[in-house]
């Protein structure tokens, strides 16, 4: 197999540009689909079927719930912090994923043949941009949480510009990654190297993207493992600095140690659930793309069911706001206020029961009376616990 550099340059650029720009070359897509064995399938799937309608409804739900997250962060002043900016960026990328996946469904099937190669690359590239931006946002959140725990304090407002620089970098890298095929890293003129899942994409590009996403996933796992270790260490130090209760002898520290263990266990469970959700949604698509690279044309029948694997990956965009709601009482109340502000919620004063993780990381006023930096440290612990459950989904 050729190296990515050779694959990128082994096609004459003038002929590729002409093929993508000239409408006379629109049958190029049909030839590629025919070569990969997907032409017959596209003809059979003409028209909008029941599963496509269901996917579109799910995408509408993704768009609405992530719009709710963005409006809530914009309206709530106490959410104007780096962590919530990253959450907002993740919601924006998830919202875009819902929009472009809806467009992808509507432009698929028989409509595929009506596209020029340029339009086809925009259709598929926009999906890569949206999904890549979502993954990069998750990585940025993990980095921010890790740095916060290392410093044991929240980022101050003077560093907000760094947050927006990092957010901008996420989108720039995602745009470049999604735009590589239209810039030349494709298999036009080199059909034996074409992907079966995406018939105009070069297999080396598919391998490159899968490798990048897999490395990011491993980095997120490592960072949150470090966050868990740091939270457990800080919790034990806070317990040791806490004076024993009056009249209780040494029993206060015993109870504090037990509560610290429960906190650490709660955080560990939350991180495991969040990472398991992420892996469950993305791993099948990564495995499918690796099979696409390894299999010869027509060998792996599972490659012709790729839309189900992509739908599962997009479903992760719908799960993120639900995780915010289930694990953070503060964000849940903010969502209810936003719904009430928009006239959707009829009972804005509804009381919501505190979830287990939030409850375990809350402390009474008396816990902050004996150590000068204790309030700040415990605030960081609480935010880390909530953010670990809220953001790495």
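Cβ coordinates come from backbone N, Cα and C, glycine included.
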Per TrEMBL, the range holding transmembrane segment, considering 308-327, 328-347, 348-367: 308-327
Contact call for the transmembrane segment (53-74) and the transmembrane segment (127-143): at least 3 Cβ pairs under 8 Å, seq gap 6+: no
Model confidence over the domain 'G-protein coupled receptors family 1 profile' (65-324), as mean pLDDT, sits at 81
Across every protein chain in view, the count of C-beta atoms other than its own within 10 A of the C-beta of residue 295 (disulfide bond) is 15
Rounded inter-Cα distance in Å - residue 300 (disulfide bond), residue 194 (disulfide bond): 14
Packing count at residue 194 (disulfide bond) (other Cβ atoms within 10 Å of its Cβ): 23
